[in-house]
Amino acid sequence: MSTVNKKPASLKYKIGKVKQIPTVVKDDKTGLEYIQVQSRENEKVYGVTKFLNNYREEEKLGQGTFGEVFKGIHLGTNRKVAIKRILVRAEKDLFPITAQREITILKRMNHKNIVKLIEIVYDESPTPKTDSTSPRPVGNYHGNNTANQQKLITGKHFFMILPYMVSDLTGLLHNPRVEFGMADVKNIMLQLLEGINYIHCNKFLHRDIKTANILIDHKGVVKIADFGLARNYYGSPPNLKYPGGAGSGAKYTSVVVTRWYRAPEIVLGDRHYTTAVDIWGIGCVFAEFFEKKPILQGQTDIDQGHVIFKLMGTPSMDEWGLAYHLPGSELTKTNYKSTLQERFSKALNETGLDLLSKLLALDPYKRVTAMKAKKHPFFFEEPLPNAQLTLPNEECHESDIKRYKSEMNESMSQRPPSAPTGHTSTDNSIRAVTGAAFPKEASIPKAPRPEHIKSTIPAQPSASRYNGAATQNIPKEPIPTAPLPKGPKNSIPTGPNKLPPNPRDSYASKYPAESRFGVNTRITTESYNAGKRYRNRGGWETGRDSLNYNNNYAPPADRSHHPTIQRPSAPRGGSYPNRYQNQDYNTSRNTGYNQYSQAGDRRSYRPGASENPGTIGHGSSQSTQKDSKSSHSNNVKPKDVADYY
């Protein structure tokens, strides 16, 4: 028994229940490609009910080449949805081929990080709509040409119903009230890599990765949207062995991807690109978190190549040899050095910079894949990615950027005027009048604020100060003029009256003992200044250790009230003690306090350094008092001077 081989039925390209002729029609004026749509009589288009009976359009969210996106409500469930209107040519029932690709690809996608296509809706009005009579915006045209409006406005409308997302990444980055921490950035990047890896493993190219196409719902889940430029990829799916994926040999158009997110191989005119073009866009999004704006803003296609090489450096033959054989190889004659590390070193550590450099590798076959980028050490170091992303209680979309800018301008205009900074010198005023360069250094320096002065003082005095030990490297601080609080012995003052800690403070300086003459001889400013003047005139011995003097000695403010204390007259030729530099004097100066040395028929008084370094002040009980039994001349100090000092 023989069987007859029947020819298999020809597969017809279908979307829903609409049969389509696989003939692509190209518009001569715009260069856009369409598919001619033909349906049978009395056939329900796309198998759904009429649009007006199920959905209601509200505000406009965005606009694209082939349609507009609105915020809408499903009347049956009162659920918010996003309605994407697809432009249809009226004269020949032409359906955009990019919309057809987007619909077919979204129907095959099922991932948490990819936007879900709910349904396709068809609405047909009996008469063509116009902008003035239609209750909702129809058509997508540019300019004010009435003829173009009539071509684009038609009675047939196709709508893609998508879940409504409260925010997109562009709106969040431009919102001044939103700040992303590093843990939030890692959370978003991991979700983005998960979604793009799913797309590549299913052998598709997105070809329009940018912040405006990255949506985030109210639960913090990232969704990749806008598959209008997506298409099938005929190469092998990416894997861990080949970083940039294997090329398929198929030619693709180079007019894809928004210019600022366009990969360098597309900029140089390569049409045999791979899935690495989407990885470059993810690298641009990653860097945009830290500058709040696109990092590669080229004005033209040629300028875009210069901007890329200024950031990553001009590639050599070893780094990217294919670049010298592409149509745009003229850009390789530049000589730029990479500025990536210098530009982002403040925001990223070495691990983060390594991930960014691999995402933005110039050679597409050396560029990291999404599968491998997910395992980068950057995502496994502190701070770890947040388990759930937290968003503000407001909607943030790309259409809100103008509102954010106006809010910033209003807040700046409502600020009070700044305080005057003072007048400039006459010389600078003459320069300003004559047109000479006005130096910035000419402004009057501002006095340091109290907190600046306080910050230079250590938090607490050194421990050696409480036991009286001398420290040689203690900075000299100005003596406070405020009255010091008095307290009990062996205690430290507390409460609001406590002064800032001073490294030169000791118990003796905090609670000074009044002298036998009723004058504070240790800490008062007047006594300090008076003693300093008196010492400079030679009244005090210059051989005294300056550090011990500054720390432990202070002469009285007025010595005239004590008749027994008189300033010794210094002999001609120098201060009083320095004239008597003999062996007896040098020997006696180191034996203790209040020692006298015999020098001829004159006596010199020299208080030597204390042998006990822990002694505080001159009136210590450890220093022995010795009276001189020899006769004194008029230039000899009385013996009770030692008691005073």
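Keep in mind that glycine also has a Cβ here, set from the backbone N, Cα and C atoms.
Keep in mind it's a predicted model, so treat the numbers as computed, not measured.
As given in Swiss-Prot:
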type     : residues                                                             : note
ACT_SITE : ASP208                                                               : active site, proton acceptor
BINDING  : LEU61, GLY62, GLN63, GLY64, THR65, PHE66, GLY67, GLU68, VAL69, LYS84 : ATP binding site
COMPBIAS : 409-428                                                              : compositional bias 'Polar residues'
COMPBIAS : 457-474                                                              : compositional bias 'Polar residues'
COMPBIAS : 477-486                                                              : compositional bias 'Pro residues'
COMPBIAS : 578-598                                                              : compositional bias 'Polar residues'
DOMAIN   : 55-379                                                               : domain 'Protein kinase'
GLN63 (ATP binding site) CB neighbourhood, other CB atoms within 10 A: 13
Cβ neighbour count (within 10 Å, all chains shown) around ASP208 (active site, proton acceptor): 21
VAL69 (ATP binding site): secondary structure state under DSSP, collapsed to three categories: strand
Residue pair GLY67 (ATP binding site), ASP208 (active site, proton acceptor) - Cα distance, angstrom, rounded: 16
Nonlocal neighbours by CB distance (under 8 Å) for VAL69 (ATP binding site), same chain, sequence gap 6 or more: LYS60, LEU61, GLY62, GLN63, ALA82, ILE83, LYS84, ARG85
Binding-site residues (LEU61, GLY67), the one with most neighbouring Cβ atoms at 10 Å: GLY67
Mean of the pLDDT scores, which run from 0 to 100, over the domain 'Protein kinase' (55-379): 83
